[in-house]
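One structure below.
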């Protein structure tokens, strides 16, 4: 049984579970949107004293921070007890495209070349990770949501603005992948 | 404990995202290169089942656990913020291979450089708050 669970889970199990999580949060009187936590953490750090956008009662958002803590624990549980004994099955085409950029496929979840100690502590690597995160943080608040808030909650509620946001996600992702990657890596 | 259910739901989220490899930088690259169905399958299934759930909740006026009607908030009708903000988000999503949720799942998994990405995301969120009033929405 454990051996079975440790295999990578198929997309339909994951998709079903994510919709279930959305419904569970609705049943708890909340709505599924992860990036709001970033705003809440800014507020908790005192950003509300200087910037009006962060001036709200963060205690109402504690539930979402607990969800965040849970997601960290979830990642830990998988890495400790449920990790895939084999290599990640990445498509040959992706392996070859990345190899042309100088990024080697090493079989893990994330390339150690980008998420290892050497890269993260080099000036270039540190900046890439920091700027990448900044784009995600800025963009998700500007767009009013991230993948969970727009692509899952928003599209499920047939919101046209969410569809526009998801189209934006892909415009940005494709520009980064095909235009900036060859310049960066 | 009132908060426990949110922690448990979060754990389910973290486990599912990690086990279906949706937190993988490689899988996000595969998605943006249209070389695998996995990510499209995940998001597609979630949206189809999610829409059906929202439809049923509205049709039968389902109430939440405290007896309040479940309400859905419509997003503001405009496009610049969604298109521009979404595109900026997409640039970062492809570069780091992580949207906000997976950043934290990966951190729990042991990828500590994600702390730098999270720090950046907090900085970006703060910067948005500062410049918000000058941006087209």
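Cβ atoms here come from the backbone N, Cα and C positions, even for glycine.
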Of the ranges A:41-61, A:62-82, which one does TrEMBL flag as transmembrane segment?
A:62-82
Would you mind telling me which of A:106-124, A:125-143 TrEMBL tags as transmembrane segment?
A:125-143
Among the recorded stretches A:12-29, A:62-82, A:163-184, which has the greatest number of Cβ pairs closer than 8 Å to the transmembrane segment (A:125-143)?
A:163-184
Same chain only, please: residues at least 6 beyond the ends of the transmembrane segment (A:62-82) with a C-beta under 8 Å from a C-beta of the stretch. Say none if there are none.
2, 5-6, 25, 28, 30, 33-34, 36-37, 40-41
